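Below is a structure I'd like to ask you about.
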Amino acid sequence: MYLFETYLDLRQHAALKLPTLPKTLEGVISQEKFEKSRAYSLDKSHFHFVHEFVTILIDSAILFFGILPWFWKKSGTFLPLLGLNEENEILHTLSFLAGVMTWSQITDLPFSLYSTFVIEARHGFNKQTIWLFFRDLIKGICLAIVLGPPIVSAIIVIVQNGGPYLAIYLWAFMFVLSLVMMTIYPVLIAPLFNKFTPLPEGELRLKIEKLASSLKFPLKKLFVVDGSTRSSHSNAYMYGFFKNKRIVLYDTLIQQCKNDEEIVAVIAHELGHWKLNHTMYSFIAVQILTFLQFGGYTLVRNSTDLFRSFGFDTQPHTVIPLQHLVSFGLNLVSRSFEFQADAFAKKLGYGSALRAGLVKLQEENLSAMNTDPWYSAYHYSHPPLVERLAAIDASDKKE
């Protein structure tokens, strides 16, 4: 996977080095913005090469020197020191995962700091202080400590008792868990990191409410989130079940798009996802891929030779590395949905405003202007701006 993805990275790096804009963006994106975007993208690309190379070296060393089976044994012997039973599989697994999480946080911290306070700051995006960075990190660790053990314990109990229907039971548990997390995350977890305030009364709010009403979208609340406290990147999204829908605008989006029509066009795109049932279809796709992944896990779990080949004399619980294929499959679905949502917004009469809004977001976020098609297809959940504008223009010509 490292060799394949590095090949794609090299293709993308070559595309980023191109000194001219794609023809579709000539006269649309200013040369100044293009140069800034190019410098930002190349900085991130160089950093990515270093990060991935160091990561593969560490991972290879861990496998070659048998660190995982060694630590699996050590994590069990650590439990009696706390007065706990080392034969308890749940406690043993939690002890092992705690060590792995600690190691992961330590090794990744220098890269996170450099990315945030050097690269993002160099290009004017980072707005957070070092204190806020570590406060978010500590909150994330605390959440993992609170939520992780019960989830891991439940999975182990299911594996121990699942029998021939293990894949179905695991999928059912993850299905329920995903519904619970989708419910509590925006209400309980997201506010721990950001401040959500109602969008003030005014013309923008009236336009969004009018649009939602025309589509019979059950808009319950309309929020602005203080994304500017951490970054000047911008976005908008919606969430909620059934008749309890919410729309969230980043304050940076409002600051960057001076024209209300551009913001409303972006919201029209998001509402297109709802109207076209993309959220439901995406959720179903995730569930199917998750079930296939657990089916693969049940096959791997029965191969004791595989575990012995990695140095384990006992059989820990693993999830086979299908994440790359799962992510690629979801990206294909997501990209198709983005084109459909753009077309939906255009049908509502927001074609030119959406086009202007997409260009504005591309400029302000300094997103890559030149992209390699293979890299884009594999990594991007959203099509590049060139493809989205071409699709909007193509529909114009067809009409």
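For all residues, glycine too, the Cβ spot is worked out from N, Cα and C.
According to TrEMBL, the protein carries these features:
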- 12-195: domain 'CAAX prenyl protease 1 N-terminal' (DOMAIN)
- 53-72: transmembrane segment (TRANSMEM)
- 137-159: transmembrane segment (TRANSMEM)
- 166-188: transmembrane segment (TRANSMEM)
- 199-394: domain 'Peptidase M48' (DOMAIN)
- His269, His273, Glu338: Zn(2+) binding site (BINDING)
- Glu270: active site (ACT_SITE)
- 280-300: transmembrane segment (TRANSMEM)
- Asp342: active site, proton donor (ACT_SITE)
Given the recorded positions His269, Glu270, His273, state which is nearest to the residue listed as 'active site, proton donor' when distance is taken between Cα atoms.
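So, of the listed recorded positions, the one sitting closest to the residue listed as 'active site, proton donor' is His269.
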Going along the chain, which residues at least six beyond the ends of the transmembrane segment (137-159) come within the CB cut-off of under 8 Å?
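Residues packing against the transmembrane segment (137-159) from afar: 89-90, 93-94, 97, 101, 105, 109, 166, 169-170, 173, 177, 189, 192-193, 301, 317.
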How many neighbouring Cβ atoms, not counting its own, are there within 10 Å of the Cβ of Asp342 (active site, proton donor)?
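That number is 25.
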Could you tell me what the rest of the chain brings near the transmembrane segment (166-188), counting residues at least six beyond its ends with Cβ under 8 Å?
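151, 154-155, 158-159, 239-241, 246, 283, 286-287, 290-291, 294-295, 297-298, 301.
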Neighbour count first, Cβ atoms within 10 Å, every protein chain included; then name which of His269, His273 tops the list of binding-site residues.
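Result of the Cβ crowding comparison: His269.
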Looking only at the domain 'Peptidase M48' (199-394), what is the mean pLDDT?
82
Taking the mean position of the Cβ atoms of His269, His273, Glu338 as the Zn(2+) site, which residues outside that list, in the same chain, have a Cβ no more than 8 Å away, listed in sequence order?
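Sorted by sequence, the hits are Glu270, Gly272, His278, Phe337, Gln340, Ala341, Asp342, Phe344, Ala345.
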